[in-house]
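Database features, via TrEMBL:
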TRANSMEM  12-40  transmembrane segment
TRANSMEM  52-73  transmembrane segment
TRANSMEM  80-98  transmembrane segment
TRANSMEM  104-125  transmembrane segment
TRANSMEM  137-157  transmembrane segment
TRANSMEM  169-188  transmembrane segment
TRANSMEM  303-319  transmembrane segment
TRANSMEM  339-358  transmembrane segment
TRANSMEM  370-390  transmembrane segment
TRANSMEM  396-417  transmembrane segment
TRANSMEM  429-452  transmembrane segment
TRANSMEM  464-484  transmembrane segment
Amino acid sequence: MVFRKPPDGGWGWVIVVVSFFTQFLCYGSPLAVGVLYLEWLDAFGEGKGKTAWVGSLANGIGLLASPVCSICVSSFGARPVAIFSGFMVAGGLMMSSFAPNIYFLYISYGIVVGLGCGLLYTATVTITCHYFDKRRGLALGLISTGSSVGLFIYAALQRELIDLYGLDGCLLIVGALSLNILACGSLMRPLESSYSPPPEKTCVDKVPDQYFVYHEKEKTVEENISILEKGYVDEKCANNMPDYKQDSILNKNVLSSINVNEKDTYKKKVVEQTNFCKQLAKRKWQLYLNYWEETVVLFKNKVFAALFVAILLFDIGVFPPSLLMEDVARSANINEDDYRMPLISIIGIMTAVGKLTLGTLADFEWVNTLYLYVTTLLMTGVALFAIPFAKSYLTLAMLSGILGFLTGNWSIFPYVTTKTVGIEKLTHAYGILMFFAGLGNSLGPPIVGWFYDWTQEYDTAFYFSGFCVLLGGFLLLLAALPCWNACTNQSSKLPPNTYSYKVASSA
């Protein structure tokens, strides 16, 4: 398989469009699950903490399974994965319309839809990176707004569908709309020129030479001499026999020699393959050891360790508003006539604005992306603390817009990770951070729901959320202060391959 150079245009813009709509269609309902959350509370009568698990699983399971998603896309390609995942998302949504209890929704909506969304996200990002190099940042920024626009539209769409057709009809229609992912996936043409199959080889021929560790005991000189003498005697005896006897003996000798050679060759191949498997197992085990050693080295970087804590606490605290804001308004006894736009829609549209704005700011040389990210964390924590004091639709709408804009810091998170660990360790570090981000997404809404079940009000829950985000922001700020670099230089030497923020920022 020979891949061409990324064209940075052409069919690549078609890839951008279909990837945008793929994220729009798959993430629209899970991100706007707050509208469905209210209906599930009334339909099943379960606690808010238990019901919140549905939405948190749908949004967190894709991040938790990001390593599996990457392996699937690498093994099968973006197009087959996108088409298969389209069936998963659509099937999960349609199955959810027949859910008899909340536990069924954990599987159908939480795991099936969530895993499908994770696969689609990996597929769209991978195929876009194949088609773009110089304009990769712009292309990724455009497709990432698809999920935010989906949140904005699906929040209002699902509410209208529930009013017209009920909860079951809404899920069926939304699932049917998700089938358009199949059309988008079919247009994700892989970037390749031609496929020239290599000449067929035997199993042993395919084994690399460095794995041939077969060592056969060499015959001694005495053994070789005895074999030659025996052959000479046999030949002499054969000359004294009649011709027909000589022919028969000759044929037998030829056949026996062929059988012996075949057995020796087969035995040699078996030994070679066995030793190859042993060497391959040792190599894989060494790769696993190297992976964990590199992980330990990453966590010795104080900025990365603080970033890991910050992203975990950030997702625990900031995701619940997008899921529970509608219920917060209902709990505050806000009149439905005052609603001009769903609060979740405001969060969605402002998230798209935040991604574009913060991503543009990060491109300026005079902007320190780490300090910019810390600023968004601290402002998010303050906004979460202010939610319990909001008693009107206008105030909640303003706070929703602020939270949505600040949540757009996802667009600069890869920049921050790169500056922290360097480009050569970006994939390893980003995978670890995304796993814990998914863990935070999964735990945040149930924790807030449990706080409500315990106290019968949201005030304590959002104080807890704000405290989590502020704590993560302050820890990251302390780790990134320049004075720590001076202290580190005066202390014991760092292990090799350990990066500080100041050093890695020049990468």
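All positions are counted from 1 along the displayed chain.
Cβ atoms here come from the backbone N, Cα and C positions, even for glycine.
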Winner by Cβ pairs under 8 Å against the transmembrane segment (52-73), considering only 80-98, 104-125, 303-319, 339-358: 104-125
Closest-packing stretch to the transmembrane segment (339-358), where packing means Cβ pairs under 8 Å, from 12-40, 80-98, 370-390, 396-417, 464-484: 396-417
Spatial neighbours of the transmembrane segment (303-319) far in sequence, C-beta under 8 Å, 6+ residues away: 56, 59, 370, 377, 380-381, 384, 403, 406-407, 413, 416-417, 420-421, 429, 432-433, 436-441, 443-445, 447, 464-469, 471-473, 475-476, 478-480, 499-501
